[in-house]
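TrEMBL has this to say about the protein:
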- D70, D103, Y106, H272: Fe cation 1 binding site (BINDING)
- D103, N141, H235, H270: Fe cation 2 binding site (BINDING)
- 64-273: domain 'Calcineurin-like phosphoesterase' (DOMAIN)
- 20-45: transmembrane segment (TRANSMEM)
Amino acid sequence: MPSTKAYTLFLSPLFSPSLPALHAMSGLMLLSLIPTVLLGFSVVLSAAELQRFEHAAKADGSLSLLVVGDWGRRGAYNQTEVALQMGIMGEKLDIDFIISTGDNFYEGGLNGVDDPAFYESFTRIYTAPSLQKQWYNVLGNHDYRGDVEAQLSPVLREMDSKWLCLRSFIVNTEIAEFFFVDTTPFVNKYFLEPKDHVYDWSGILPRKSYLSNVLEDLDMALKESVAKWKIVVGHHTIKSAGQHGNTVELNLQLLPILQANNVDLYINGHDHCLEHISSSESPLQFLTSGGGSKAWRGDVAWWDPKEMKFYYDGQGFMSVQITQTEVDVVFYDVSGEVLHKWSRTKQISSAVL
């Protein structure tokens, strides 16, 4: 059952937001009060840390969720069919929430809070009762080609209460902690070689300071986490055999932090495929769920078979089930057929008396 925690907001005395930021936070407070009760999360804001949301697990302490990415095409390229199967599986697994790995609206994000693409690609598509749970969304590179603030705006939560999108934030379920990272600003080519694309970098510049703060806050949050399972979510790949391949900047800057803090899973989109790569350097697993609509058939590079556990160049999505001792990951295709399963177990730590 969802939590009915009251909405809580903490602001540091040293935090002095701009008027637009203050207005946005006030709107979030007002618009999120009712959804907090209905959808089962509460939020804590802090100036020096990533915004944190508390989302209660089930009464038995377990957690179930779906992951989909690269989807927003007004139902085209089998987006509607993937959504249908997500609804079926969501009901079967009694999911607690859904994660979107970004590129939420093609080709160029939203052009404002009144953009009909929000309804046509999100609200109208994901209509199954089981999908009316909280959606935690990160931004992808295509989202940065539109009005980024529109996707972050509390106005969209008023239109559809299951929507929540921020740049970087944390969702704590006690049993597992999810760290959402805004990966697009890390990628150099969007700044140096944008081609004919125009990116919305408002709120990002100066870039060096922004990235430094994201990495520092993430590292601190991971170090302080006492969750049994640590899961990091971003749009861009760290390791992938798909069209985009490895994201060099994330390998250099983000990956060492994940490895140093014993992160269990890195979940991403960006490559339009379903994929599971293990690591020879650590227990960290790399999971790509970018098959929410248009897929890239036959676009796969060679990868060491000792690390490449699964690759599918079609549409689909992923489920994650978590208990104190086990994580189970399953990939599904557009027809709901199981393509790949993976599990990891951990022992329950003995209490020190």
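Cβ from N, Cα, C; glycine included.
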Revision key, fill the gap. The rounded CA-CA distance in Å from D103 (Fe cation 1 binding site) to N141 (Fe cation 2 binding site) is 6
Point to revise | Integer average pLDDT (0 to 100) for the domain 'Calcineurin-like phosphoesterase' (64-273) | key: 98
Review point. What's the CA-CA gap between D70 (Fe cation 1 binding site) and H235 (Fe cation 2 binding site) in angstrom, rounded?
Key: 9
Review point. If you draw a 10 Å sphere on the Cβ of D70 (Fe cation 1 binding site), how many other Cβ atoms land inside?
Key: 30
Study note, to complete from the structure: CA pair N141 (Fe cation 2 binding site) / H272 (Fe cation 1 binding site), Å rounded to integer, equals 13
Review point. When you measure from the Cβ of Y106 (Fe cation 1 binding site), which residues in the chain that are at least 6 apart have a Cβ under 8 Å away?
Key: G72, R73, S121, H142, S293, K294
Check your understanding: Ranked by the number of other Cβ atoms within 10 Å of their own Cβ, which of the binding-site residues H235, H272 ranks first?
Key -> H235
Study note, to complete from the structure: Between the C-alpha atoms of H272 (Fe cation 1 binding site) and H235 (Fe cation 2 binding site), the distance in angstrom, to the nearest integer, is 11
Review point. Within 8 Å of the Cβ centre of D70, D103, Y106, H272, which other residues of the chain have their Cβ, at the recorded Fe cation 1 site?
Key: G69, W71, G72, R73, G140, H142, G269, H270, G290, G292, S293, K294
